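**Student:** According to TrEMBL, the feature domain 'Formyl transferase N-terminal' maps to 6-183. The N(1)-(5-phospho-beta-D-ribosyl)glycinamide binding site feature in TrEMBL is assigned to 15, 16, 17. If you look up TrEMBL, you'll see 68, 93, 94, 95, 96, 110 marked as (6R)-10-formyltetrahydrofolate binding site. Residues annotated as active site, proton donor in TrEMBL: 112. The annotation site 'Raises pKa of active site His' is assigned in TrEMBL to 148.
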Ligand code: GAR
C-alpha cells in the first residue's frame, strides 16, 4: 500500500480551511493524512473543529517560551515524532522562523486571501476594500522567510462586493475551500515523499 503524505495543519482562527482539508483527506480527495493540528491560539475555534474530527491538537502559546527558536524547536520535535512531511498553514497568523524553515525547506505551504504580492499580512480583505480594488482573490504559495512572499503555486480571482468586507470574505472563503485542496493534491503528487 502506498503511504499517504503526512501533514500538519497550523491554524490560529476559525478553521474552515482545516475542516475542508480534513474532509478531503477522509473522503480520498486529497491523498494525505493529517497527523495533527498545531495552534498558537488555544481558544481558537479550530481546536473545537479538530476535536470533533478526532485529530490530535497541539496548542502551544509562543509567549510561554523564552524565544521563538525555543518555541519552534518544541514544535519541530513533535512534528518529527509524528513523521510530518509537510506543514500546511491554514489561517496561521504568525511568521514561520528559521528553525522550521530549515527543517522543512520548500515544504511549508500557505493560503492567503489576496492576489499576492498585493495586500500581504493581516486583514488582506480589509486592505483590498480600503484600496477600492474591484478584484482581489486567493493565493497558495510556498513559505519563505518573508511575509506572504514565497513562490506562488496557484491563484484565483474573486470580485470584491463593494464596501462589504463580510460578503467579500464569504466569496473568498468559498474559493479557498476549492483551491487549497486541489493545489495540495497536485503538489503532493509532484514532489517525492520524504519517507
Ligand atoms: C483564510 O482566509 C486564510 O486565507 C487567511 O486566514 C483565513 C483563515 O480562515 N490567512 C491569512 O490571512 C494568512 N496571512 P479559516 O480559519 O476559516 O480557515
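The backbone N, Cα and C atoms fix where each Cβ goes, glycine too.
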**Student:** Tell me which residues of the chain lie with their Cβ under 8 angstroms from that of residue 17 (N(1)-(5-phospho-beta-D-ribosyl)glycinamide binding site), as long as they are six or more apart in sequence?
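**Tutor:** Spatial neighbours, sequence-distant, of residue 17 (N(1)-(5-phospho-beta-D-ribosyl)glycinamide binding site): 11, 90, 91, 111, 173, 176, 177, 180.
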**Student:** Using all protein chains in view, find how many other C-beta atoms are within 10 Å of the C-beta of residue 95 ((6R)-10-formyltetrahydrofolate binding site).
**Tutor:** 13
**Student:** For the domain 'Formyl transferase N-terminal' (6-183), what is the mean per-residue pLDDT, to the nearest integer?
**Tutor:** 97
**Student:** So for residue 94 ((6R)-10-formyltetrahydrofolate binding site), how many other CB atoms are inside 10 Å of its CB?
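**Tutor:** Other Cβ atoms found within 10 Å: 13.
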**Student:** Which recorded positions of 68, 94, 95, 96, 112 contact ligand 1 in the sense of C-beta under 6 Å?
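**Tutor:** Passing the 6 Å Cβ check against ligand 1: 112.
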**Student:** Between the Cα atoms of residue 148 (site 'Raises pKa of active site His') and residue 112 (active site, proton donor), find the distance and write it as a whole number of Å.
**Tutor:** 7
**Student:** Can you tell which of 93, 96 has the most other C-beta atoms within 10 Å, given these are the binding-site residues?
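**Tutor:** Counting Cβ neighbours within 10 Å, the top one is 96.
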**Student:** Would you list the other residues of this chain near N(1)-(5-phospho-beta-D-ribosyl)glycinamide - those whose C-beta lies within 8 angstroms of the C-beta centroid of 15, 16, 17 - in sequence order?
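**Tutor:** Along the chain, the qualifying residues are 11, 13, 14, 18, 19, 20, 46, 49, 90, 91.
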**Student:** Distance check, please: Cα of residue 15 (N(1)-(5-phospho-beta-D-ribosyl)glycinamide binding site) against Cα of residue 93 ((6R)-10-formyltetrahydrofolate binding site), rounded to an integer number of angstrom.
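**Tutor:** Rounded to the nearest whole number, the Cα-Cα distance is 12 Å.
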**Student:** Tell me the Cβ neighbour count for residue 16 (N(1)-(5-phospho-beta-D-ribosyl)glycinamide binding site), meaning other Cβ atoms within 10 Å of its Cβ, over all protein chains shown.
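**Tutor:** If we count other Cβ atoms within 10 Å of residue 16 (N(1)-(5-phospho-beta-D-ribosyl)glycinamide binding site), we arrive at 18.
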**Student:** Just to verify: the residue among 68, 112 with the fewest other Cβ atoms within 10 Å, which of the recorded positions is it?
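**Tutor:** The recorded positions 68, 112 were compared, and 68 has the fewest Cβ atoms within 10 Å.
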**Student:** Would you count the other CB atoms within 10 A of the CB of residue 148 (site 'Raises pKa of active site His'), including those on all shown protein chains?
**Tutor:** 20
